[in-house]
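Encoded as structure tokens, the structure appears first; notes follow it.
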């Protein structure tokens, strides 16, 4: 059996920008993407803690060390600058791999810098 499992998440990131007229996606600081093992164009789920919105999009790299979390395209209607979000990536695993897999959880501070690593 194959299972959809949480691979990683960036927990309680703060939206720094929203660009309604961009084609789509979420721009994430490259450092955070690497720590969370999220590749460019990888599908991610975004959960908005402020308003309960949930949506799927794909990740694109932001400037390394910038703390950028920018919601692009139509999803910009679901988040505002300053909103707290969780960004989750998933992987498909067989039962044995899923039982032993430890997801990466990246906690960030108010500037989207990793903490408690």
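We count from 1, first residue shown onward.
Yeah, the Cβs are placed from backbone N, Cα and C, and that goes for glycine too.
Record features, source Swiss-Prot:
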ACT_SITE  25  active site, schiff-base intermediate with substrate
MOD_RES   25  pyruvic acid (Ser)
BINDING   57, 73, 74, 75  substrate binding site
ACT_SITE  58  active site, proton donor
Number of other Cβ atoms within 10 Å of the Cβ of residue 74 (substrate binding site) across all protein chains: 13
Conformational class of residue 57 (substrate binding site) under the three-state DSSP mapping: strand
Listed in sequence order, residues not in 57, 73, 74, 75 with Cβ within 8 Å of the centre of the substrate site Cβ atoms: 24, 25, 26, 55, 71, 72, 76, 78
Cβ atoms near residue 75 (substrate binding site) (within 10 Å, other residues, all chains): 21
Position of peak Cβ density within 10 Å, selected from the active-site residues 25, 58: 25
Neighbouring C-beta atoms (10 Å sphere around the C-beta of residue 57 (substrate binding site)): 19
In three-state DSSP terms, the structure that the residue listed as 'active site, schiff-base intermediate with substrate' belongs to: coil
Between residue 74 (substrate binding site) and the residue listed as 'active site, schiff-base intermediate with substrate', the C-alpha gap once rounded to whole angstrom: 9
Residue pair residue 57 (substrate binding site), residue 25 (active site, schiff-base intermediate with substrate) - Cα distance, angstrom, rounded: 5
